[in-house]
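A quick write-up on the structure given underneath.
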Amino acid sequence: MYLMCVSLNYHQLPLDLREKFSFTKEEVPKADKLLNDEKSILENLLISTCNRTEVYAVVDQIHTGRYYIRRFLAEWFHYTIDDFTKFVTVTTKDAVAEHLFKVITGLDSLIKGEPQILGQMKDAFQIATKEGTTGAILNHLFRQAITFSKRMHTKYRVSELAQSSGQAGLHQIKMQFGSLEGKTLAVVGLGQIGKHTAYNASNMGFSKVLLLNRTDSKAEQIATELQGVVEARPFNQLATVVHNVDAAIFAATVKQPLFKADEQISTMIVDLGVPRNVAVNSTKLKYYDVDHVHMILNSNDEKRRLMIQKIANEIPQEVNDFYIWEKQLHIVPVIRGLREHSLRIEGEAYDSLLRKLPELDSHERKVISKHMKSIVNQMIKGPIKEIKELSVTPGATADIDFFCKIFGMDNLKVENQNNDK
């Protein structure tokens, strides 16, 4: 079996081409199932974002797996396989785990270190597992990758190094309030910046996120997409909404201010508009304009570079851990066999003991059973640890056969597998 990743991403493709090779959320489950029916594909998972469309797969042979994945994608997007192939990057074997760990931590993103990719990968994994297209290898790889990414986000405080003006504004609000529980945010103006800000704010912990746009239907559409804590408000209620929320982010494109703020207002305001959306009549306000936000972004550049390097330095060990696990897959039946063999002997000895000592009450029987199981587990703990270590050495097959003979498990036939099988 081989790991494989077939990728269409921003490194090779400009936006106008990436748009042609993307799946909608509704299409991904169907595509996962259809791809899984192709020859050579044992496991598969598909992810599609604005920066990449990728298939992660376990295939029985590299050349056939590569062909059928390419053919599937080419047919889906109505290309000939020859024309489609020039857009594709294929990664195989050891390099797949390294690639995934870079992608899921944001190191391979257009904006380095961006945290959204973790959520997108989690969603893709959940869809694939629900559709039944993943198995032992992809399940383990993606669970490990998700755990690793979460650990990196916590360890290096990734979310604090904002990557866009909207993210920087949200970070400033979080710094102001600490906890966002019970807080309400208004997002005014739903162009590219405002829309992305709304998407990011929707899962930050605000109790409500209120959307306002000069075209009310756009606010309603985005609120319907996001649901949860996100609600639309009519634009003619702007003044009332801003006065009653805890914080507001303005991101509209206007020539004249949309709102006048004086010292009577307690709302924290982040103004990303150029020209500014808010006319400020007091220096006492909690007000941040786009220059303040850019200062945050610029101050984070060096911190972000160091963060990215630190995360990159941790990836090789994570990759090594995965491939040690993969190499040990073939030893799983042996370990399971040893446990079952040992428990069977323990069970027979326990039954024999009860026949010889029928006067034992239920409590005494439970104590004896517990201690017998403990003895068995302690006895096999050492051998299991040793055979796991031996299973990744060049002479693994002979060692495993000898191990089985020692413990009376000659009936177990185990094939040695390495990275190339």
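Just so it is clear, glycine is given a Cβ too, placed from its N, Cα and C backbone atoms.
In the three-state DSSP classification, Cys50 (active site, nucleophile) falls within coil. Around the Cβ of Cys50 (active site, nucleophile), 13 further Cβ atoms fall within 10 Å across all displayed protein chains. According to Swiss-Prot, the feature active site, nucleophile maps to Cys50, an assignment based on sequence analysis.
Counting only same-chain residues six or more apart in sequence, the Cβ atoms lying under 8 angstroms from the Cβ of Gln120 (substrate binding site) belong to Ile47, Thr49. Residues annotated as substrate binding site in Swiss-Prot, with sequence analysis given as evidence: Thr49, Cys50, Asn51, Arg52, Ser109, Glu114, Pro115, Gln116, Gln120.
As annotated by Swiss-Prot, NADP(+) binding site applies to Gly189, Leu190, Gly191, Gln192, Ile193, Gly194. Cβ neighbour count for Gly194 (NADP(+) binding site): 26 (other Cβ atoms within 10 Å of its Cβ, all protein chains included).
What Swiss-Prot records for His99 is site 'Important for activity', and it gives sequence analysis as the kind of evidence. Sequence-distant contacts of His99 (site 'Important for activity'), defined by Cβ-Cβ distance under 8 angstroms and a gap of at least six in the same chain, are Cys5, Ser7, Thr91, Asp108.
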For the binding-site residues listed here (Pro115, Gly189, Gly191), tell me which residue's CB has the most neighbouring CB atoms inside 10 Å.
Gly189
List, in sequence order, the residues of the same chain other than Thr49, Cys50, Asn51, Arg52, Ser109, Glu114, Pro115, Gln116, Gln120 whose Cβ lies within 8 Å of the centroid of the Cβ atoms of the recorded substrate site.
Gly106, Leu110, Ile117
Around Thr49 (substrate binding site), how many other C-beta atoms are within 10 angstroms of its C-beta?
21
Work out the three-state DSSP category of His99 (site 'Important for activity').
helix
